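Let me begin by presenting the structure, written as structure tokens, before commenting on it.
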Amino acid sequence: MEGLVHGGVRMFLSLVSRGAGGWSPQVTDRHPWLQLDLRDRIEVTAVATQGRYGGSDWVSGYLLLFSDTGRAWKQYRQEDGVGRFVGNVNADGVVHHKLSHSIRSRFLRFVPLDWNPSGWVGLRVEVYGCAYKSDVADFDGRSSLLYRFNQKSMSTVKDVISLRFKSRQAEGVLLHGEGQRGNYITLELHRARLALYLNLDDTRLRFSSGRVAVTLSSLLDDQHWHSVLIERFNKQVNLTVDTHTQHFRTKGEGDSLEVDYELSFGGIPLPGKPGTFLRKNFHGCMENLYYNGINIIDLAKRRKPQIYSGNVTFSCSEPQLVSTTFLSSSSSFLSLPATLSASGGFAVRFQFRTWNPDGLLLSTRLALEPQRLELQISNSRLRLTHHMSAQQKEEVSTGEGQQVNDGLWHSASLSSRGLQVTMTLDNEPSSTMELGDHMEAGDSLYFGGCPSLNVSGCENPTLAFQGCMRLFSINSQPMDLNLVHQGQLGDYKELQFDTCSIHDRCLPNFCEHGGQCSQSWSCFYCDCSGTGYTGATCHNSIYEASCEAYRLTGSSSGYFSIDPDGSGLLGPTQVYCNMTENKVWTVVTHNSTDPVRVQGSTLQNPYIMKFNYSASPEQLMALVSGSEQCQQEVMYSCRKSRLFNTRDGSPLSWWVDQGGERRTYWGGFLPGVQQCSCSLEENCMDMNYFCNCDADTDSWSNDTGVLSYKEHLPVSEIVIGDTNRTGSEALYRIGPLRCYGDKSVWNAASFYQESSYLHFPTLQAELSADISFYFKTSAPSGVFLENVGLKDFIRVELSSPFAVTFSFDVGNGPVVLAIKSHVPLNDRQWHYVRAERSVKEASLQVDQLPLRFLEAPSEGHLRLRLNSQLFVGGTAARQRGFLGCIRTLTINGVTFNLEERAKMTPGVSAGCPGHCSGSSSLCHNSGRCIEKNSGYVCDCSQSAYGGPSCKEGVSVSFNRESSVTYTFQEPFSVMQNRSFQASSVYRGNSRARESMAFIFMTTQSPAMLLTVSTFSQQYIAVILARNGRDTSRIITVGLCVFFTPPYTEFISIKSLTLGKVTVDTMDEEVMQAGSKGFIGCLSSVQFNHMAPLKAALLNRASSLVSVRGHLVESNCGALADSTIFHSQSGEEFGRGRGPLRNASQSNYAVIGGVVSAVVFISLCVVVVMTRFLYQHRQTRRDASIKEKEHRTNLETAYRREAAYRAEPAYRTEFRLHDSHSSTLNDNREYYI
């Protein structure tokens, strides 16, 4: 039904009719829509809908499509990519939608999706907008516009270029200009993306093939208008395509763009050869083309002399290319009759585009039943299959590099001649299949899928096709899809005609921290490999935020990667964590830690050294600000080299702080005092001076001090200016930056009144938010935090004594995740909560309980829009406030200072009372501190250690026949809790992370250490194995981890065995090691939160524990811990390379290991595996994962072992966590 245009500003269809009125389709209409012809292109800014007058007919949801010609429609998408518009809830109300970006079009189409279930479709509409005028030019692929300058060259420091275009091809030059000095600017379409090449005064790049383009947007060959804006000022450039903008700085040495003679639009003509072009020309239309305020198309239309218009016309020709969209991956299909061919055989040609790696393109039954042909996308390649019978088939495929799921249009053709059938993709060489007989197609050809009814000769091999198709030709006869749509030709289901609804879900890229985005038709995926982050959008850091956090996990001294701002913008950095003292020190090195001798410097020509640290300035600032205290030693020895001028006190040498400020104090924490440490300590060699060096003696003096005013640290530069006199020299050394403490870990607030709360600025979490904190309370319920907007909100609360709830609404309806505990959470003990929401999913974690995951809908609102303050410990309504303590509140990597805000808030106090609320670690090795009325106790039930402080290891000596098997009471699996009250658009899901750790000491190799088996015949085996070197004095060994990766998930764990294994379902090499058992000591065995060895010793009579052979409880674990302590002591930064030598001059090497921190070179390793256990054997590790694996530098420890002549024992940790990539079906092994 066509609408009417009433004026140039406001158009409507009987919105307020007083009589019966409105549009309602016939009940028999399968796919109704209402189309408006606005008579001319109009800039539409808003639409409004209303139900049919005086009835019960209305539309509750609809799509809005637009077109210039009434063909080739495009779906309008709102800001979040949402295509669905919310309609009416009754017949009389008006629902108004202001468009986030206007539509410039002549035709509009309203497509009802839902309507009143008690009535029918009824619609009245109103369209708001204004007249739109434009200057249009049509380029036929062989034409161009040349804009010639009045002078020889045009030099500009500022440029603004704007245009709108619609293209029929994925390639083509939009504009180009260049100068003799190497300047150039080129804007072109490449693979349906827009690429901008821009260079200023850099001749090296002019003739180089390595020109780098800035690319933006995609799918620009959809034959719809797209806007482009280029803004440049000096080297700063903004490139905007439609609603997406990219900012960058251009290459080159200058600030001006110098273009000689002319700018060309639509192609790059070859000088002196009219009609010849260097690159593929643009084929399509441009409008409103402006170069620095000059209307290029208007000049061309008026035939101005500075414009040359070769074969350009000034009206946009519209091709009649009708596309159809296959919407469903299970039920979409298009059936077309197979027309007769005069030459025999058959020929089929069509074009398609998709993101999916699999899908059926074409299926046809052959005249000789039951044979059939299938053309499908399989693993991103085109494959032709000839099914001769149920068991016999023949296949041909395109080459490895010819992937067709890239979103671009591809042309596929299939033809038979004689005894051959030929498959052709685009312009690539054809693939041919030999046939045993002549081939003729059946009555029908099925495109995209098969009907649900059992149609002979058509079966969906995996999935139906999801994507777009067009230009169907059967035996050289084009197929009219309009006839199909009208029911006059063929048949179809789940198709959308006259439109290609492909959507780029990687634009914008929601993968954070450099994650790579890929997509299918309905969703996108993020590859986080090598980024140091994990999660659905690479949001979560795989590293702890500080050395203090590593200590709390039970780690010992070593090199670690820390991520000071967690999920924030800063990446991880490697530091050394010294945990041998009561304080945990974080050590950051720089490029010049050795002593440096300086001579010949003056104040006019000083010696300058800049220090480059192993962390960036931003990372250093985050580390320093988050630490309780930092310090840096400055060693300065001098001979006739002063620090200060003794006449006026002006500095002759100084250092520069992290902010670039010059500092002249050389010790202590008093930045305003121009003194050295000896003055502060009152022990200078000459008390007439504030520094020893200022005495200016011929003998060596020393002014070493420790800088401890952390706001100035670290030292970024040192300047020395008084070593130019005879006999004058200085020797300095700037030590590494050393910090201790994590201010965030115990930053806490106590809430005493239900109406009290802390308020902070509005949460900035439109696309992603991760919230973590600890709490303890005796109250049955209370809101931990809340932030609300007009309709959106986010809230975390204790909803009952046994449940924590995370709820939010981004415009798709409220979503609720809840975790229920089997024990009360209001037990006055600390509990951990972590809630996360992203555009892909939401999750909730409480202590060690199974995680809750919910996937976000593929079509829905994405942005969380908040406008109120963030309330912590209560709500704006002062109801349901939290009573108790909250500490370590971190949101998106930012730790909130609760203590500072609590000092000025009634009903809230800084800190939290209790023995377990301090930063000192009262309980070790994952032991849990529990408050008591008169003190505290350590709960070691989830630790592999025992004793009052969970520090006493549980150890057992094994012989060759010994084994301990712990059978889990029920399949130890990740439980899938489904959310109650959750929106139906989210789907329940669960993921888990498992880890195991143990200490071992042995003289045997190979040896079976540990085996984990499942109910589905899967297993993990950890074996101590020789790696090839064996001499009488030196034996190098390695841990070998075997596992099976079947098609099912590794989530139903049956048992864990230590020592000898006799089952015959394992790999042969594993069986050989298992039959030899284990001779030595095993101690402190931990599997997730279970301690199977401790449980076996304490509950030998339990039916869950099976002990074979002779077991002796011993203190070998304490000996191992002692050995580890010795091996880890010594200089922090030593990097020994000595081998592990036999201490007793025998033919045996004592081999030991502690499975919790590291095995490197010989014995210790951190093995990271997926929960599915599908990883490939790794000969190289990613650099970022390698950082995490090499947590302790055990090479130095090995070298020291020979000196101690003690049996070594080492500690290793295995972590198994979720991953999405991998599909192997054979056993895998890791040699470490």
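The backbone N, Cα and C atoms fix where each Cβ goes, glycine too.
Unlike curated records, TrEMBL annotations are generated automatically.
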Cysteine of CYS885, CYS929, CYS938 paired with CYS912 via disulfide, per TrEMBL: CYS885
Recorded stretches the domain 'Laminin G' (747-912) and the domain 'Laminin G' (136-316) touching, at least 3 CB pairs under 8 Å: no
Across the domain 'EGF-like' (913-951), average pLDDT on the 0 to 100 scale: 75
Same-chain residues at least 6 apart in sequence whose Cβ lies under 8 Å from CYS912 (disulfide bond): ALA748, ALA749, SER750, LYS776, CYS885, ARG887
Counts by DSSP class (helix H/G/I, strand E/B, coil) across the domain 'F5/8 type C' (1-130): 0 helix, 66 strand, 64 coil
